[in-house]
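Comments concern the structure below.
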Amino acid sequence: MRLNLALLGLITAAAAQTYTDCNPTKQSCPADTAFGQSDKTFEFSSASDAFKSSGSVTYDSTNGATFTISKQGDGPLIQSGWYIMFGRVEFTLRAAPGTGIVSSAVLQSDDLDELDWEWLGGRSDQAQSNYFGKGDTSTNNRGAFHDNPGNQDIFHTYSIDWTSTQIVWAINGKTVRVLTPQSANEGMYPQTPMMVKVGAWAGGDSNNPQGTIDWAGGTTDYSQGPFKMYLKSLTVTDYSTGTAYKYGDTSGTWQSIIAEGGQVNGNSGSEPTSTESAPAITSTAENAPVPWSGTHKETSSWVTPNVWPWVASGSPTAGSTGYHYDWESSSGHNKPPSGGSAVYLPLYMSGFAFLFGCLFPLWR
């Protein structure tokens, strides 16, 4: 009984927050370098000077960038040196296998807006989408799970298409989720300039909070490794133009963003056909692992590991290579999701879990 209650109490991540160097909604921050381009594909046969890396990231012509977890504390990561202000990103990748291993592809802003793809190493048939607005994790109904068989065996293409009116998550060109400002939790629609992050980490590390381990699918056994995630290519379109994106005030709204030398939505001709009426996913999947904000810090009384994604990536190294155009989408038109399984945590369960999570350490 105690075990069951513990698992229920730990499913909430309400006391979490995202890491950021400087939050423009709280203080004056430097402008973000703008990507400002369309349909650019990065092939990771070698390191790219457009991305910084940390941890064990290697490159080859067969699999692209390889993110390797061999031991406790490993958290390989690459992150872009530029931001997009609305846009489309396609990740062609293979998720890492292994109990407790999490593969992540993330768009993240300085004021803690975020759009996620995540894959659990123990679930080769499933992908998770998630979103965050201003780092608010007070509710646990943002994550959804989608059928994705073979995600560790072959390369799949996962996209996030992000505009001021909708966000579309798609797998191999098929829309699996649509979010609008109206369907998002109040005030949580992501709408500020975002960088791109891709990496792998051990959610099942024995030093993690038990709730994180449970979400990740169990404790990671490093002797079964090394565990490898592969990123073949990444295609990016910035729907805005200019050299830098600056927050005009502390509101954190897209209307407050200033595109230096360009215009917000200045590349709107690259946007796909609007699907504002497309419904968000509401179906459920039984026995799916509970969503947890994988790129967020845990701020409870539990001790967290000193690795990404909970802390800054330190002083990452940068390689160098060029990039070329290789846009692989077809019509670019998005369609409403026709099916697929997803799960959201009911609000009443989140409240109960949060209350128990507060009392459980005292009870122990």
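Glycine is treated like the rest: Cβ placed from N, Cα and C.
Curation does not apply to TrEMBL; its annotations are automatic.
Database features (TrEMBL):
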ACT_SITE  Glu114  active site, nucleophile
COMPBIAS  265-286  compositional bias 'Polar residues'
DISULFID  Cys22-Cys29  disulfide bond
REGION    262-300  region 'Disordered'
SIGNAL    1-16  signal peptide
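Structural mapping of features recorded in TrEMBL.
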residue : record                   : CB count, 10 Å
Cys22   : disulfide bond           : 11
Cys29   : disulfide bond           : 16
Glu114  : active site, nucleophile : 22
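Under DSSP, Glu114 (active site, nucleophile) is assigned to a strand (E or B) in the three-state scheme. Following the DSSP three-state reduction, the secondary structure of Cys22 (disulfide bond) is coil.
Cα spacing between Glu114 (active site, nucleophile) and Cys22 (disulfide bond): 15 Å, rounded to the nearest whole number.
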